[in-house]
Amino acid sequence: MASVIEKGLASICCVTTSSKPWAEGEADGDVKYEDLRGPGGRNTSGSVSDKRICVPQKIDPKTFFANERTFLKWMSISVMIGMMSLTLLNFGDTSSNASELAGLVLLPVSILFMIHSLFVFKDRANKIYMREPMRYDDTKGPTILVLVLGVSLGIAAIFSVQKQYYRTASSSFNDGPRFS
């Protein structure tokens, strides 16, 4: 019954459960297990037997909170980009399609930001829970997402300028010469 509850809580917390709650490693010669013998093989603890003690690794809660805080920051950025795209779609200039096009370009970018932040959050939470050594900074993800956002904003700006220029150029040429 307890294992079912632990698995349920672990699935809610976005991590997988481990059958070993203690520090995992080899039984012999692992630094995660403390040996009671002192230098020269003497027993320094005063106990009768030379037993090994399995010491659990402590996980600092600040690590989990920092991971969650990073996830929430990325989600807030993606929600702001999504709101900008929806604003452009709903309240943009109706005479040209440039605002609609800019909104349609930014909407997938915001969804991409959300998906990326969710996968990074789950991966980090799982690695933290499993006590795997890892780098906590993401070197490739933000760079790729910023490049995608920059390209999409550039495309939206180019199409907006092109539509505006095409509209003013075509209206001035279609009116014909004006002689007053």
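Using N, Cα and C of the backbone, Cβ positions are placed for all residues, glycine too.
Here's what Swiss-Prot has on this protein:
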TOPO_DOM  1-70  topological domain 'Cytoplasmic'
TOPO_DOM  92-100  topological domain 'Vacuolar'
TOPO_DOM  122-140  topological domain 'Cytoplasmic'
TOPO_DOM  162-180  topological domain 'Vacuolar'
TRANSMEM  71-91  transmembrane segment
TRANSMEM  101-121  transmembrane segment
TRANSMEM  141-161  transmembrane segment
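Non-local neighbours of the topological domain 'Vacuolar' (92-100) in the same chain are 156, 159-160, 162-164, 167; each lies 6+ residues outside the stretch with a CB under 8 Å from one of its CB atoms. The average pLDDT for the topological domain 'Cytoplasmic' (122-140) in the predicted structure is 86. Helix, strand and coil residue tallies for the topological domain 'Vacuolar' (92-100), in that order: 3 helix, 0 strand, 6 coil [DSSP]. For the topological domain 'Cytoplasmic' (122-140), the number of residues in each DSSP class (helix H, G, I; strand E, B; coil) is 8 helix, 0 strand, 11 coil.
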